[in-house]
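The block underneath contains the structure these notes are about, expressed in structure tokens.
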Amino acid sequence: MAGRAEPPDGGWGWMVVLSAFFQSALVFGVLRSFGVFFVEFVSAFEEQAARVSWIASIGIAVQQFGSPIGSVLSTNFGPRPVVMTGGILAALGMLLASFATSLTHLYLSIGLLSGSGWALTFTPTLACLSRYFSRRRSLAMGLALTGVGLSSFAFAPLFQWLLDHFAWRGALLLVSALSCHLVACGALLRPLSLTEDTAVGGPRAQLTSLLHHGPFLRYTVALTLINTGYFIPYVHLVAHLQDLGWDPLPAAFLLSVAAISDLIGRVASGWLGDAVPGPVARLLMLWTTLTGVSLALFPVAQAPTALVVLAVAYGFTSGALTPVAFSVLPELVGTARIYCGLGLVQMIESIGGLLGAPLSGYLRDVTGNYTASFVVAGAFLLVGSGVLITLPHFFSCFSAPTSRPQELVIEVLDTKVSLHKEEGLEEE
């Protein structure tokens, strides 16, 4: 395939957006709605909330920690076979989980096996999408990631209905069948060759330059903090509402309300990220701050109306931060390094995904309610938003949207370390 001078900003890229839409729905839509299973697992295995929380946390952590593997495989073999293989693993994990007789089985099947499948699907798909778009990257990301909001709206009550009619084992069998569609998502991906790909060296050279790039490292720390508190409502909100006396179905429906707001937030944020002058990181900081505040206010709300308002606010702001979070990274590292950069970010931020839900469950077991859980989760996001302020050009007043972000990488990543490393690789 002949190398293009810059991303086409369309063409087959819209099919990649379609693939990413369904892929995000079948990965994070399932993860976000998994709180519906939480109460069932606590009852079925007679375990504490903290131990059951590890199921989703291990899945999120494996998905993120294994992302560099998906990135390296995609660099060598292209994203299509990698994502298709990931879809098979994700479905197989859910299938085996339906036969579980202990939490350990769920840790291995959902957490490890399905998590590995998600690692091979999510990062390669978004990295492939980032290479197809430049000027309209935030919008493309927003449209692709609306799959999470739509599926969360549909899956939370659907999973509760499946639990009511087929119990948790039958429900997991049907979730496995849904996950098989990830294979079709992978078949839609077509690799794109860009002219700057040869200038950045192999994975080792890219990794060296990224590890010596201060803004990239600070951005990774910020996302790790954000990730620690981000998923807490999707794991524990249903249980929190049941503690307040809500029935399971209305509690699951409130997640759907948040999902609708999430969907609107993603599209609005994607459009704003391309239309509003100034660095995209500034929008990311705004949405992160508002998400942290809404999380911290959940324990304060007791009336149904107040809880619905907070769910709408949390859904909109948490959805809005996602597309701009993925749009900031290509501006920092360039499209040629996006596979390596996104994989490394996902791996490091897995620390937050691994610890967030169990910490929340532990605080619930210690205090007897979810007040401390939601306040601590909000605090993590607020600290992460503070780190974002340190990114380059954050306070620039009239910075136009970057149409060719791959040019920035020459300025910020062409260090002596990476140059020497690439020269060494060429001599080999």
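Glycine is treated like the rest: Cβ placed from N, Cα and C.
Just so you know, TrEMBL annotations are computer predictions that nobody has curated.
Owing to the predicted nature of the structure, the values given are computational and were not obtained by experimental measurement.
Database features (TrEMBL):
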type: DOMAIN; residues: 13-396; note: domain 'Major facilitator superfamily (MFS) profile'
type: TRANSMEM; residues: 12-31; note: transmembrane segment
type: TRANSMEM; residues: 82-100; note: transmembrane segment
type: TRANSMEM; residues: 106-127; note: transmembrane segment
type: TRANSMEM; residues: 139-160; note: transmembrane segment
type: TRANSMEM; residues: 166-189; note: transmembrane segment
type: TRANSMEM; residues: 216-237; note: transmembrane segment
type: TRANSMEM; residues: 249-268; note: transmembrane segment
type: TRANSMEM; residues: 280-300; note: transmembrane segment
type: TRANSMEM; residues: 306-326; note: transmembrane segment
type: TRANSMEM; residues: 338-359; note: transmembrane segment
type: TRANSMEM; residues: 371-395; note: transmembrane segment
Same-chain residues near the transmembrane segment (82-100), Cβ under 8 Å, at least 6 residues beyond its ends: 23, 26-27, 70, 73-74, 106, 108-110, 112-121, 124-125, 169-170, 172-173, 175-177, 179-187, 189
Stretch of maximal Cβ-Cβ contact with the transmembrane segment (306-326) [cut-off: under 8 Å; candidates 106-127, 166-189, 216-237, 371-395]: 216-237
The domain 'Major facilitator superfamily (MFS) profile' (13-396) [mean pLDDT, rounded to integer]: 85
Contact ranking winner - 106-127, 139-160, 166-189, 280-300 against the transmembrane segment (216-237), Cβ under 8 Å: 280-300
Most Cβ pairs under 8 Å with the transmembrane segment (139-160), selected from 106-127, 249-268, 280-300: 249-268
Close approaches to the transmembrane segment (106-127) from elsewhere in its chain (Cβ under 8 angstroms; 6 or more beyond its ends): 16, 19-20, 23-24, 27-28, 31, 41, 54-67, 69-71, 73-74, 79, 82-83, 85-94, 96-97, 100, 141, 144, 179, 182, 185-186, 189, 326, 338-339, 342-343, 346
